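Database features (TrEMBL):
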ACT_SITE  A:Asp53  active site, nucleophile
BINDING   A:Tyr111  substrate binding site
DOMAIN    A:6-105  domain 'Pseudouridine synthase I TruA alpha/beta'
DOMAIN    A:146-248  domain 'Pseudouridine synthase I TruA alpha/beta'
2 protein chains.
Amino acid sequence: MVRYKATISYDGYAFAGFQRQPHARSVQEEFEKTLTQINRGAPLVVHGAGRTDSGVHAFGQVLHFDLPEKRDVEKLRFALDTQTPEDIDVIAVEEVGDDFHARYSKHSKTYEFLVDIGRPKNPMMRHYATHYPYPLDIGLIEKALPQLVGKHDFTGFTASGTSVEDKVRTITEASLKVDAAKNLLIFTFSGNGFLYKQIRNMVGTLLKIGNGRMPVEQIEKILVQKDRNLAGPTAAPNGLYLKEIRYEE
Amino acid sequence: MVRYKATISYDGYAFAGFQRQPHARSVQEEFEKTLTQINRGAPLVVHGAGRTDSGVHAFGQVLHFDLPEKRDVEKLRFALDTQTPEDIDVIAVEEVGDDFHARYSKHSKTYEFLVDIGRPKNPMMRHYATHYPYPLDIGLIEKALPQLVGKHDFTGFTASGTSVEDKVRTITEASLKVDAAKNLLIFTFSGNGFLYKQIRNMVGTLLKIGNGRMPVEQIEKILVQKDRNLAGPTAAPNGLYLKEIRYEE
């Protein structure tokens, strides 16, 4: 048995999310179907690092799986890339030790969130950025962002009723770039893990702050009071990208 | 009767092209349907500047149409923008004189052509750039491009059997930008008009030159000998964008 790590990108638009589920198209199921073909019909299971939601995209999702025999990694990558559907691409495949686990090996993640601030929107980006056509003071968002950086209890930014007990996470980067030519805001968030809907709730809150309907200090208030009702709305999934996963050592 | 000029953008992916045709979804038909609703059900016809092909996108297509009465242009723009399908957006509407004709008033056009040179491709761009995964010497393409600039008979770059008699056109810009971070080539072509499939044939030829399978001087040979068989293959429509139309005076 040889363990392989694969880095993949996908267009989340036509998927009900990463994770396998009945009666819905998932990235995991499509990848497993292809892997099973390559494994001469013997079913195989893959483990993903991040369970992206319906409509969320990925440029650097990481998976691992075991094959009964050693393979040439570039041939394996090419076979997986060409045999998966056109909305999944396989960027890299490498052999890893038995102790590597895409989800449980220690890692940090980077997400990007794209906001189309054009009026009207860019029709080519309607599945790939969230349209926000209201006035925004970028300076207010830039003042709010640093409050997210550091070790915090993010209870106020996750969906209520999540089963995860420990809601303390560390954010190492929370930044914003403005691509004026393309009317795009590009948020970047890096950290050791993110709770369910955390980034979409943070972005929804930041946009409300930029629109002047919440004070800049609201972020700290949400973190301290741990109350989801104090945060802004959940931003749509179409702007969210799982960008990169970095494993330790 | 008041004449209006509208500037629109659209995602060409789900259209059989700009022009109305039986049994296929066209930009013209969708726009006319919306305009007819706004005109209280009385049918109206629109005239477009460029008849983009199936799969070709637009950021600055121009249309004109006549309404029986004067309208507030921003309200009209907003109504058209919100009532057209989500893959059409209405950027601007302005009142123009009766002598303005989107197609026949003298104008120049700018097209862009996007090539995804990533290996593997970017799945988010698969409908919005043409994937070219083969080796390319950008220097060769840059040497070939200036031969296209100027007044030439472009017979060798159009589809054979076109009914247009005069195939002389003037190209004022033929350039290439490389976005290394995004693995994108962005070709820009401006001129007083382009023949059917001319840009896609020019791009197909330029890529073949960049790939080393045609000499740099092939462009001039095609222009002089006016022979379609000397040119490269027609590039796919998904990379082509009608970017801007500028009217004289």
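Placed from the backbone N, Cα and C atoms, the Cβ positions cover glycine too.
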Local confidence of the prediction over the domain 'Pseudouridine synthase I TruA alpha/beta' (A:6-105), expressed as mean pLDDT: 97
Cβ neighbours within the same chain of A:Asp53 (active site, nucleophile) - under 8 Å, at least six residues apart: A:Gly12, A:Gly17, A:Lys197, A:Pro237, A:Leu240
Where A:Asp53 (active site, nucleophile) falls in three-state DSSP terms: strand
Within the domain 'Pseudouridine synthase I TruA alpha/beta' (A:146-248), residues counted as helix, strand or coil by DSSP: 36 helix, 32 strand, 35 coil
Long-range Cβ environment of A:Tyr111 (substrate binding site), under 8 Å and at least 6 residues apart: A:Thr188, A:Phe189, A:Ser190, A:Phe194, A:Ile199, A:Leu240, A:Tyr241, A:Leu242, A:Lys243
